[in-house]
Amino acid sequence: MCFCIVSSPEAMHSNADSPSSGPGLQPVWTTLRSPYVFWIGGAILLALLVHLGIKWQQASAPVRIEYSTFLEHVESGYVERVEIVNGKRINGTYTAAAVQNDRVETRPPPAAPMGAVVDRSRRAFATHKPTAHELTAFLRRHNEAATGTGTAPVTFAATQESDWVGTLLLWGLPLGLIVGIWLFFMRRMATGGREEQIGSDTAALFEEAGGRRVTFDDVAGLAEPKEEVAEVVEFLRRPQKFTRLGGALPTGVLLVGPPGTGKTLLAKAVAGEAGVPFASISGSDFMEMFVGVGASRVRDLFDQAKERAPCIIFIDEVDAIGRTRGGPGGAGTGERDNTLNQLLVEMDGFDSDEGVVIMAATNRPDVLDAALLRPGRFDRQISIHKPDRLERADIFRVHVADLRLDASVDPEALARQTPGFAGAEIANVCNEAALLAARRGRNAVQMDDFDQALDRVMAGLERSNKLISPEERRVIAHHESGHAIVGWFLEHTDPVVKVSVVPRGLSALGHAQHLPKERDLYSREALMDRMTMALGGRGAEEIVFGRATTGAKDDLERVTETAYAMVVDYGMSDRIGPLSYNRAERRADGPLFEKPYSDAMAAAIDEEVADIVREARARANDLLREKRPLLDEMAERLLREEVLGVEALVALLGSPPHGEYAWLKEGDGTSRNSASAEGASPSSQG
């Protein structure tokens, strides 16, 4: 048996750092330097010592006998000496003759020459005295009788022992074990199991400047945000340029934008361009169930940052700790408030010339505490929006740079097909296209792979094996044809680029895809056209089959939401007037219960919304009755071909009456796809 005894963490540290340690031994010494290895080794050594102690005690312990057997041995003259300990335990010694003649039970003898004197330890025995028996009187009577017969009497004595060791083991050991376990879990929970990230050692938290750097070249698009943060880079590179004139750069930069737009990547690029350490942490990492843990982590983080200055601290999802204190319904917890207070103190407690820049990201700036946004803290806010067409093309070029592409792949065409896509979504499309090409055994990623990847990302995975009855297929085909025809002939709708009755995703039974126009303002006529197009599927069902199905559930939800927004938010109702009740934009620190309008106004709003939806439904049904032959022909073609692209739609419906599809004339090969799908579910075909 071989044992490895570890003396102390300091000894291991000195050995690991010795020059004799070769490169191959470094992982071993790194493991041995862990405190867990030290404690495990100590526990193994302690268990070994306890095991050896038990074995030794068993080897030297006297043989135990029954009390009745003890009394019989006394009467037979086999007992030489008796010691009564604390009135209960009896330790005795047999006579040598009784042991030699095997009159009594003893432990096995050790190896010894013949005729040797019997070992006294072999003659020892022990038993336990019942409380009711008077052993002393019994031994006196035995000795008196033995004197008359000439037999040797039994020597006996009563003693008292204080078993403080047993008491200590009985009470102290369990108590110490419980306290140790409690302290261990308290420490683990206080650090969240991340002692190596926050606290005395933040090596894993900080990415040093010597590693692989992310630069502005890796961040496609975001031209305006990069210009804003370029000043931070210049400050970290040459701080004296600003300090010599007495100016101070803002120490806090808040990046605001939707998810996936590149906020974290931009912060890393700032650190990479400046060549300084970068600390990235999520706002939720500060939060624990124990009060004071979050504040302690904030202090440790800023202490480490000051030691590594110049550096950048990036807090992702800062709204996790920066929410408004004392919000409606007690929105802030005590721990979060303490953490936020400590963050405010730290941000207000160091000078800008220390070289520590704090960057944070959130997609909920409306819920942040006002003290966090005041001058001197996060006083510079940079908005990061979803990329436009030119920026999307640049992002596609970055993500396809490592792919083996076919000559048919055009980033400009892909950018035109993906309005509203963020950088993370574009990266997902490129990755899906590469996986599809590999699955098909191709040597390069083709444009068709990107087309299929777009369908998969927007509408879900194709479910070609889903069983649909012929009657339901006819309903789905007319439903999607109704969407396409209404959208094709209205002025303010998005161009229809694809119609499909192939089931996709978890619930889509069919879908009509549109290419959204990149615009920010919508008139009342534009919103009415969009609602009319959404009701085209239900209208086709009513006209052809005389009834509506549950397939229009999602369409009705979108229409209802748009109609309420027109009346309540945008003031587009002549009956209600140009009023906005901000129903979708309540402030986080506003009152929890607020009645924005009277019951009479609520009833008027409901009636106006119903009138708007009925108007859109009537427009859709009138247009579909006018185009009934085209509706039936398109549905039949969908039942045969399952998918109709733009070229097939133009051949079937003719040129759009409100202008050609300019992007189709450019010959970019996008007639097979689009960017936005009106998906379907079991209760909504699209």
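Every residue gets a Cβ built from N, Cα and C, even glycine.
Features of the protein shown, as given by Swiss-Prot:
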BINDING   G257, P258, P259, G260, T261, G262, K263, T264  ATP binding site
BINDING   H479, H483, D555  Zn(2+) binding site
COMPBIAS  670-686  compositional bias 'Polar residues'
TOPO_DOM  1-33  topological domain 'Cytoplasmic'
TOPO_DOM  55-164  topological domain 'Periplasmic'
TOPO_DOM  186-686  topological domain 'Cytoplasmic'
TRANSMEM  34-54  transmembrane segment
TRANSMEM  165-185  transmembrane segment
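Structural mapping of features recorded in Swiss-Prot.
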| residue | record | DSSP class |
| --- | --- | --- |
| G257 | ATP binding site | coil |
| G262 | ATP binding site | coil |
| H479 | Zn(2+) binding site | helix |
| D555 | Zn(2+) binding site | helix |
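Each residue contributes its Cα atom, and for G260 (ATP binding site) and H483 (Zn(2+) binding site) these two points are 30 Å apart.
The separation of H483 (Zn(2+) binding site) from G262 (ATP binding site), Cα to Cα, is 35 Å. Cα to Cα, T264 (ATP binding site) and H483 (Zn(2+) binding site) are separated by 39 Å. Around the Cβ of G257 (ATP binding site), the same chain contributes K263, A361, N363, S383, I384, H385, K386, each under 8 angstroms and 6 or more positions distant in sequence. A gap of 26 Å separates the Cα atoms of D555 (Zn(2+) binding site) and P259 (ATP binding site). In this structure, the binding-site residues under consideration are P259, G262, and the one with the smallest number of other Cβ atoms within 10 Å of its Cβ is P259. Taking each Cβ in turn and tallying the other Cβ atoms within 10 Å, the top scorer among the binding-site residues P258, G260 is G260. When the alpha carbons of T261 (ATP binding site) and H483 (Zn(2+) binding site) are compared, the span between them is 31 angstrom. Separation of the C-alpha atoms of H483 (Zn(2+) binding site) and P258 (ATP binding site): 29 Å, rounded to the nearest whole number. A gap of 33 Å separates the Cα atoms of H479 (Zn(2+) binding site) and P259 (ATP binding site). Fewest other C-beta atoms within 10 Å: among the binding-site residues T261, T264, that description fits T264.
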